[in-house]
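Peer 1: Quick one: structure below, then a few questions.
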Amino acid sequence: MYSTAMSLSAASASASAAAVASGATASRPNAIRPAAGLRFCGLRREALGLRSVRSSPQVVAAGRSVAAAATAGNGAAGSGGFDYDLVIIGAGVGGHGAALHAVEKGLKTAIIEGDVVGGTCVNRGCVPSKALLAVSGRMRELQDEHHMKSLGLQVSSAGYDRQAVADHANNLASKIRSNLTNSMKALGVDILTGVGTIVGKQKVRYGKVGFPDNEITARNIIIATGSVPFVPKGIEIDGKTVFTSDHALKLESVPDWIAIVGSGYIGLEFSDVYTALGSEVTFVEALDQLMPGFDPEIGKLAQRILINPRKIDYHTGVFASKITPAKDGKPVLIELIDAKTKEHKETLEVDAALIATGRAPFTKGLGLENINVVTQRGFVPVDERMQVMDADGNAVPNLYCIGDANGKLMLAHAASAQGISVVEQISGRDNILNHLSIPAACFTHPEISMVGLTEPQAREQADKEGFEISVVKTSFKANTKALAENEGDGLAKMIYRPDTGEILGVHILGLHAADLIHEASNAIALGTRVQDIKFAVHAHPTLSEVLDELFKAAKVNAGDLHSVNEPVAA
């Protein structure tokens with residue numbers, strides 16, 4: 001699960017940086033309370049109970065001028081004296097989403113890419129990892145003799161062709177990369193090749209090594225340069241026996257014994273792949289528990305289902321202070337120290353080590369110093385509208401940053417949503433993205449998904465703001481479709497406010513959890529209350545009834561609240 005890679009846990013810029021530094025998975029951000037007068041991405045104003053008030057005058061005025069110029073010149077070069085209405089630096093999922101929405105709004109748009117279209121997600125993250133996980137899921141099922149017999153199936157021993165599996169992942173990435181490129185070209189987005197650098201206000205220079213640079217002007221600029229794997233000090237990467245997820249996705253080997261440093265989304269997904277293909281796995285986790293970014297109850301159940309029955313052991317509360325690649329017939333050496341005392345604990349000898357300690361923003365060389373912008377641990381500082389902030393705390397006009405580079409929520413689909421939100425703003429519609437409505441998923445077998453606050457986060461917020469929370473749960477063992485698949489292991493839980501019916505968080509572990517979470521995330525985005533969504537009809541028998549049971553189990557105790565399906569006395 002990346003950001004622009006596998007679905008990493010939600011984090012604010014500072015929280016993400018701190019988690020990266022410690023090798024831990026960051027927690028989800030604090031609740032974002034809606035302010036009146038704003039248009040929220042995917043949120044109905046009436047659902048939030050907000051009055052219809054004017055948007056920020058500065059944003060609206062700027063947006064209207066852009067829209068007017070684009071309409072007058074049909075987005076032609078030179079409208080308003082700029083080469084482009086919008087230039088995007090970085091052609092990953094975030095940049096691609098912003099570019100397509102900009103064209104839809106009539107903006108003349110260019111996107112600069114120094115590597116290949118698709119960024120981390122398509123080329124070294126979300127996409128190829130899902131190809132490997134598709135293989136591991138099938139292998140795991142075919143190897144489960146008890147499961148197959150319970151369905152009345154007899155299967156001979158399963159095997160795999162490592163190179164064919166690797167080719168499947170590579171071919172999928174190539175196909176999606178081609179699709180993204182063609183979609184932008186078809187809509188008239190100019191794809192400019194080279195490394196983009198901001199050289200001044202509304203000016204960008206780009207070019208390839210050995211070729212003359214080009215300079216262009218843009219009414220608005222979006223930074224969407226993404227992230228790279230974070231490698232802590234003391235770890236030597238050789239790409240063969242000690243490697244990051246970038247190398248692992250090539251599946252050049254399947255080691256007999258591999259250590260995975262970090263037990264967040266990336267590490268957990270790769271443990272699923274490697275154990276299905278025959279490897280033994282050892283987790284090295286800096287915090288005192290595995291899967292620290294998950295809701296604790298879900299994390300404990302995940303350990304019982306995804307860790308304990310498999311060839312996986314683990315060391316928690318330790319840092320890998322030094323990792324030496326295998327050479328001269330010697331194994332990979334991993335020196336472990338206590339995370340608190342920093343005293344040496346032991347040295348592991350393994351065949352390979354995967355470093356899955358998070359992602360670091362890729363923001364060097366952007367020329368931010370030319371516009372008085374100072375990064376915070378590599379992240380570009382932004383406000384709630386993704387507008388870049390300078391060293392004096394002022395918003396830099398016409399400059400935005402989305403995705404992993406700002407660290408607000410390091411997920412590919414979050415980057416795309418942020419990009420669309422920015423385009424809405426520069427088109428004259430003030431827009432703030434509710435990050436608590438953005439779901440995350442871990443594509444293990446079974447899957448894990450989540451949206452909103454964990455139970456401890458919700459309780460902390462409730463204590464601060466003086467309200468009560470309630471928690472309801474339902475088991476996959478009560479779902480007909482899950483039982484038909486003989487996949488009854490799983491749990492769904494919802495945290496909500498019994499006084500208002502507001503959904504604060506939903507967490508799922510079970511079959512197709514990554515698909516099921518969207519009903520909950522859309523409910524949060526739209527401001528739908530529990531007392532309303534419980535009347536939604538779900539087809540039977542389907543896995544969606546897991547959520548149906550969850551919503552119906554919730555009890556709202558406010559006597560003055562009415563469902564949309566209940567008449568209100570005049």
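Placement of Cβ uses the backbone N, Cα and C atoms for every residue, glycine included.
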Peer 1: According to the record in TrEMBL, which candidate from Cys41, Cys121 pairs with Cys126 in a disulphide?
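Peer 2: The record-listed partner cysteine is Cys121.
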Peer 1: Rounded to the nearest angstrom, how far is the Cα of Ile266 (NAD(+) binding site) from the Cα of Lys130 (FAD binding site)?
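Peer 2: Rounded to the nearest whole number, the Cα-Cα distance is 12 Å.
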Peer 1: Looking only at Gly262, Ser263, Gly264, Tyr265, Ile266, Gly267, Leu268, Glu269, Glu285, Gly358, the residues listed as binding NAD(+), what is the longest Cα to Cα distance in Å?
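Peer 2: Of all Cα pairs among the recorded NAD(+) binders, the widest measures 15 Å.
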Peer 1: Among the binding-site residues Ile266, Leu268, Met410, Ala412, which residue has the largest number of other Cβ atoms within 10 Å of its own Cβ?
Peer 2: Met410
Peer 1: Between Gly262 (NAD(+) binding site) and Met410 (FAD binding site), how far is it from one CA atom to the other, in Å?
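Peer 2: Their Cα atoms are separated by 16 Å.
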Peer 1: Report, as a single number, how many Cβ atoms besides its own are within 10 Å of the Cβ of Lys130 (FAD binding site).
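Peer 2: So the number of other Cβ atoms within 10 Å of Lys130 (FAD binding site) is 17.
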Peer 1: Around the C-beta of Ser227 (FAD binding site), how many further C-beta atoms are within 10 angstroms, looking at every protein chain?
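Peer 2: There are 30 of them.
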Peer 1: Let me make sure I understand the structure: which of the binding-site residues listed (Thr225, Glu285) has the fewest other Cβ atoms within 10 A of its Cβ?
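Peer 2: Relative to the other binding-site residues in Thr225, Glu285, Glu285 has the fewest Cβ atoms within 10 Å.
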Peer 1: Distance between Cys121 (disulfide bond) and Met410 (FAD binding site) at the Cα atoms, whole Å?
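Peer 2: Given the Cα positions, Cys121 (disulfide bond) is 11 Å from Met410 (FAD binding site).
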